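**Q** So Swiss-Prot lists these for the protein:
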type    : residues                                   : note
BINDING : Gln37, Val38, Arg39, Asn70, Thr109, Lys138 : 4-amino-2-methyl-5-(diphosphooxymethyl)pyrimidine binding site
BINDING : Asp71, Asp90                               : Mg(2+) binding site
Amino acid sequence: MSSLGRLHLITDARAGRNPLTVVQAALSVARTELVVQVRVADDATDRQAYDLARRVIALCARYDATCLVNDRLHVALAVGAAGGHVGADDLPVGAARAVLGSAAVLGVTARDADTAVEAVAAGASYLGVGPVHPTTSKEGLPPAIGVAGVGVVAAAVSVPVIAIGAVTAADVPVLRAAGAYGVAVIGALSHAADPAGATAALLEALTW
C-alpha cells in the first residue's frame, strides 16, 4: 500500500474542540498525505458515529484524502469510507476483511511480531503499532513498547507500519529509522494551539 498516507489523525471528541475543525486544519496542509481515522467514544451511539463519519468523509473528499472508521465497520460501510481499523477487542482480522471486502483498506492494531504476522496473513493492509510512549488517549492499553518494539514489528512484515502512542514530530525521525512507514496522532493535533502548524511540522519530519 505505497499510496497510504503517512500521517494518520484519529479523531478525539474529548479535547474540548470540534474534531471537524481539527480535521479541516490538518487536511488543508496534508491533503492526500493525511488519513483520518474516525473514532468515537465507546458509549457513543452508532448514529453519532455515523453523523461524524459522514461529515469527515465530506471533508476528506475535497482533498482526495482517505477516511477510515475505527472499530465500527458497519458505520464504515454505511458512509462509504475507504475502510476501517480494528483493535484486539474488535472483530478478528479475517472476519473484518470479509465484512469490508477485498478492496477496502483494513488497519489492524499489533503490538508484537507474532500478532503482526498473523494479522497480515489474515488480510491487514497496514498495522497500527504501539503505544510508543505511555498515553491516556485510550483506557486499558498495555505498557509502551518504545521505538525498539515498533522496529521489531516493522522488521517482521511487509505492510506499512504506523506508529502510535503519544507520538510527536520529534519522535518521527527515530521511528522512521526503525522502520515505521508513518505515524498516527491524536493529541499532537487535537490539543495543538495551531493544528495546521502542527500538521506541517509532522509532515516535514515524515518526508525527510
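Backbone N, Cα and C atoms are what each Cβ position is placed from, and that goes for glycine too.
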**Q** Please report the three-state DSSP label of Gln37 (4-amino-2-methyl-5-(diphosphooxymethyl)pyrimidine binding site).
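**A** Gln37 (4-amino-2-methyl-5-(diphosphooxymethyl)pyrimidine binding site) sits in a strand per DSSP.
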**Q** If I take the alpha carbons of Asn70 (4-amino-2-methyl-5-(diphosphooxymethyl)pyrimidine binding site) and Asp90 (Mg(2+) binding site), what is the distance between them in whole Å?
**A** 10
**Q** From the Cα of Asp71 (Mg(2+) binding site) across to the Cα of Gln37 (4-amino-2-methyl-5-(diphosphooxymethyl)pyrimidine binding site), what is the distance in angstrom?
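**A** Gln37 (4-amino-2-methyl-5-(diphosphooxymethyl)pyrimidine binding site) and Asp71 (Mg(2+) binding site) have their Cα atoms 10 Å apart.
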**Q** Given Val38 (4-amino-2-methyl-5-(diphosphooxymethyl)pyrimidine binding site) and Asp90 (Mg(2+) binding site), what distance in Å do their CA atoms have, once rounded to a whole number?
**A** 15
**Q** Just the number: how many Å between the Cα atoms of Arg39 (4-amino-2-methyl-5-(diphosphooxymethyl)pyrimidine binding site) and Asp71 (Mg(2+) binding site)?
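**A** The separation of the Cα atoms works out to 8 Å.
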**Q** Which residue, out of the binding-site residues Asp71, Asp90, shows the minimum number of other Cβ atoms inside 10 Å of its Cβ in this structure?
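**A** Among the binding-site residues Asp71, Asp90, the sparsest Cβ neighbourhood within 10 Å belongs to Asp90.
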